[in-house]
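J.: Okay, handing you the structure first.
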Amino acid sequence: MVSRRSSQARGALTAVVATLALALAGSGTALAASPIGEGTFDDGPEGWVAYGTDGPLDTSTGALCVAVPAGSAQYGVGVVLNGVAIEEGTTYTLRYTATASTDVTVRALVGQNGAPYGTVLDTSPALTSEPRQVTETFTASATYPATPAADDPEGQIAFQLGGFSADAWTFCLDDVALDSEVELLPHTSFAESLGPWSLYGTSEPVFADGRMCVDLPGGQGNPWDAGLVYNGVPVGEGESYVLSFTASATPDMPVRVLVGEGGGAYRTAFEQGSAPLTGEPATREYAFTSNLTFPPDGDAPGQVAFHLGKAGAYEFCISQVSLTTSATPPPGYEPDTGPRVRVNQVGYLPFGPKRATLVTDAAEPVAWELRDADGVVVADGTSEPRGVEPSAAQAVHVLDFSDVTTQGAGYTLVADGETSRPFDIDGDLYQQLRYDALNYFYLARSGTEIEADVVGEEYAREAGHVGVAPNQGDTDVPCIGPRDYYDGWTCDYRLDVSGGWYDAGDHGKYVVNGGIAVGQLLQTYERALHAGTADALADGTLDVPEHGNDVPDVLDEARWELEWMLSMIVPEGEYAGMVHHKVHDEGWTGLPLLPADDPQARSLHRPSTAATLNLSAVAAQGARLLEPYDPQLAQTLLEAARTTWAAAQEHPALYAPGEAGADGGGAYNDSQVADEFYWAAAELYLTTGEDAFATAVTTSPLHTADVFTADGFGWGSVAALGRLDLATVPNELPGLDAVQSSVVEGAQEYLAAQAGQGFGSLYSPPGGEYVWGSSSQVANNLVVVATAYDLTGDERFRAATLEGLDYLFGRNALNQSYVTGWGEVASHQQHSRWFAHQLDPSLPSPPPGSLAGGPNSQAATWDPTTKAAFPDGCAPSACYVDEIQAWSTNELTVNWNSALSWVASWVADQGSAEPVPTAPVVTRQPVDATVALGADATFTAEASGVPAPTVRWQVRAGRGWKDVAGATGTTLTVRATARTDGTRYRAVFTNAAGSVESAVVRLTVERAAPVVTQHPADVRARVGTRAVFRAAADGYPTPCVVWQVRWGGGSWRPIPWATSTTLSVPVTVLAAGTEYRAVFTNAVGTAATEPAELAVQRPRS
């Protein structure tokens, strides 16, 4: 999971180029600049002139502006740039931005500044006060010089402004450019000679039939071991180019073609790692925009190179090559996503969820049909609109056909005029995936031959890094020399660190990544052991050479990595007992490169606390699992676990720096090691049962922390590994119930995220950003949810895991399976130096069961291929390219396949049998609710069971219970009123196996003192009538009201009969100036209204 900067991986190439003296000084055509300069006016008119205007040119605003007088003649006003060279037959693009203070159409042209005033471009742009960006592309039909001669006027760009408006107006111009497509190579034809091109590593060239042909001998480990190169090409950052050539290869053979740096770091502006060539000459054309600048000369000039080195012999022929500038940037990458109905292309288990996603803008449900292999409709229904799925920026519907249980192959879903890719319904779907995912690790072994008798001829290869030339490792490896990022550390010993697994697409071996990978392989076996399915991983089940030793094959594979990790322990000195962080090449190598052909020197890197604790954890884990098969090795592992634990305690903050990832290998930098301490303590406790390790576990700040985060766990965040093992491996840790509950709670969070996902994924990272290796984050989240099912038997977790797996196998934004060999359209060109069939047909593709890294929306981490594919960005779950040089999205690595291995083994155990019915068990009890009067109270209850239980809510009615009409969901909502105060409720869950009631809960309406909501108003009334006052108040219990009266500002006196919110009193002469108020009272308090006065009108005399 490390950046494989193969575009900078030129350490070996440097020596090759120096030896073959390819750094030739070129004299290529200068980089095509606009013949009119930069075209901006920040520094003045820049050679532009005006005539007939009302005043001089004005560039004070950064644009060139002129005032056009009223009533001007058609040719009487203009803005002109003279001295513009134009070449007949050349294609140009004129670009500019212009405005006019009044709506007007002007004349813009490229032509002659003199008779006969010919033009090669003549246009009439309509302008307004809003800036208009104009682009005109044309091929010149004449030649105009930059300097005028007799009868040969100079070229010009002119804007004729007169005669187009009766009123005075202002014209402004900015960002003017005239670009042409310029050939940058001085020699483009190979009909007769190489010209300034250099050829090496091939036979002598033969020139015939308008082309050059050479024989390649084969046996070349690097693409650059043979090549055709021209140095001296100027390349500019941000400029666009088109590279084309006509070539052939017999037999068919892809070659590596690049535009890049002919020295230094050998960076590339463009690279096509596998330009396909066949026996028939064909023209290949590649448009690109450079993100780098290379000069035409110096120690690292720009170059065009064909790297021809291959393992097999072949003939290469080429007739022409061209590199031209282009005014038009190439379009972005548009993936072929196939039908808009997205399914798990592998299929579905008979008794599990079966959902698909339809990408559609339809606002209403869409009809769907499920068809069998013969096209017969076996089920139908309508979709559920889900709105826009943010991770894909696509509007989606969900199709649910879970009720179909009939097994069969070749099913398809049809909806909205689209037919899905085919899939199966079969209980044995994933049995082979269990083995494919685990078989990846034998092929990743270092230090041993990969035997054809075990894996077949396609994947067989020589042992890598066993001290046989050209290898310089790994039997006697020194420490890296002093580096600033290691504070000058080095060592004076050498170690035999052969063995182990190659980490990813390179030849490096890393303890922290190997640690999580071997840990998950051991977890895969230990889970099967406790689930009663260990026979599925027994001796003879995997493609490994240890068959017949009565040891489960997955443990044989884990042992290979464990023994290598033991060899990485520091033997002596200040850091004795610590573990070296990694071993890898001292410089990057290119692709393809078999391990046995790697010529780089190797070095050990400084120990780290993280690496030391990784070994402590997996050595303890391995000790308990290998003890029945090899007690001596188990004892060695346990002793190493203790030793490294103690060493980490002594050096708790020795971190791997990020700067250590610049040369030859990834950094795997990690300065947060509390999680490694927690994991190691957990494994040591589970193996030994010792109180000291139990204490280390329970006192860790991570023991009660939420370690199951939205973005999942990985090599840099391993506390989840310890928590999962503590929850599942039998032990007597205090508070074990809480540990197990934390796993279930973490899984519930993933279920909540899945409910909002249009593609059913369990991965919902913070901010929606998909990380490097997102496929493994998906897989690790599946591990958590599947473990929750193992702990509880709750069918929700089983269903969520099965549905979450759909994402990896094609139910996603790209309609793409990320597991090689699994699904109709699956990743098969992952970044690897030896699974590199895309670059060399004699090499294999990644093996079936290889998990690709998957979408990565972190643009700062992108490789050049991915950057070129998405110049304008991409929806997070669509940032993926199945291309071997796209290492930031398409790498493969041991810790990603270890996660897949665990999940594959779990899902294979689910089989085809219908789940055994189990009675409902309440998993979430409702709780009492106290809410304000008029508010809604909600009660939620959940239960597990097989089949999934139905739910109905009941309310206490007298001495019995009565169903609440329509209340059949897991949440009940009740309005808080005086009538519902004190009401009791419960949920009843029922399935075929039984029924269970939840706890009884009570709704309580909050008590509240009276609050006046209506004050009485003053009243003016005639004698002999009645005056009416009104008041109101809220409160609970409902307040009582008593009206009061007073005269002349005296004391308030109650009116005993006035106990309504309305008071009606007779109006008499004596009542003049009387005041009234209402007093509201309940058990909580009292509130009085503002007083209201009665004004008496005397009767008319």
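Cβ from N, Cα, C; glycine included.
Keep in mind that this is a model prediction, so the values were computed, not measured.
Per Swiss-Prot, the features are:
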type	residues	note
ACT_SITE	D506	active site, nucleophile
ACT_SITE	H831	active site
ACT_SITE	D882	active site
ACT_SITE	E891	active site
DOMAIN	64-173	domain 'CBM-cenC 1'
DOMAIN	212-318	domain 'CBM-cenC 2'
DOMAIN	918-1006	domain 'Ig-like 1'
DOMAIN	1008-1097	domain 'Ig-like 2'
REGION	329-880	region 'Catalytic'
REGION	838-865	region 'Disordered'
SIGNAL	1-32	signal peptide
J.: Relative to the Cβ position of the residue listed as 'active site, nucleophile', how many further Cβ atoms are located within 10 Å?
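T.: For the residue listed as 'active site, nucleophile', the 10 Å Cβ neighbour count is 29.
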J.: Using a Cβ-Cβ cut-off of under 8 Å, list the residues of the same chain that are 6+ residues beyond the ends of the region 'Disordered' (838-865) and lie near it.
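T.: Beyond its ends, the region 'Disordered' (838-865) has Cβ neighbours at 1, 3-5, 7, 223, 252-254, 256, 268, 271, 273-274, 291, 310-312, 433, 435-440, 443, 458-459, 591-592, 594, 768-776, 778-779, 808, 813-814, 818-822, 827-830, 832, 873-893, 896-897, 899-900, 904.
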J.: Rounded to a whole number, how many Å is the Cα of H831 (active site) away from the Cα of E891 (active site)?
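T.: Distance between the two Cα atoms comes out at 5 Å.
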J.: Taking D882, E891 as the active-site residues to compare, which has the smallest set of other Cβ atoms within 10 Å?
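T.: Result for the active-site residues D882, E891: minimum number of other Cβ atoms within 10 Å at D882.
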J.: Taking the Cβ of H831 (active site) as the centre, count every other Cβ atom within 10 Å, in any protein chain shown.
T.: 29
J.: Measure from the CA atom of D882 (active site) to the CA atom of D506 (active site, nucleophile) and give the result in Å, rounded to a whole number.
T.: 18
J.: Over the span of the domain 'CBM-cenC 1' (64-173), how high is the average pLDDT in this prediction?
T.: 93
J.: How many whole Å apart are the CA atoms of D882 (active site) and E891 (active site)?
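T.: Counting only the Cα atoms, the answer is 9 Å.
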J.: Work out, from DSSP, the number of helix, strand and coil residues along the region 'Disordered' (838-865).
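T.: Its residues fall into 5 helix, 1 strand, 22 coil.
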J.: With DSSP helix as H/G/I and strand as E/B, how many residues of the domain 'Ig-like 2' (1008-1097) fall in helix, strand and coil?
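T.: With helix first, then strand, then coil, the domain 'Ig-like 2' (1008-1097) has 3 helix, 51 strand, 36 coil.
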J.: Provide the three-state DSSP residue tally for the domain 'CBM-cenC 1' (64-173): helix first, then strand, then coil.
T.: 0 helix, 58 strand, 52 coil
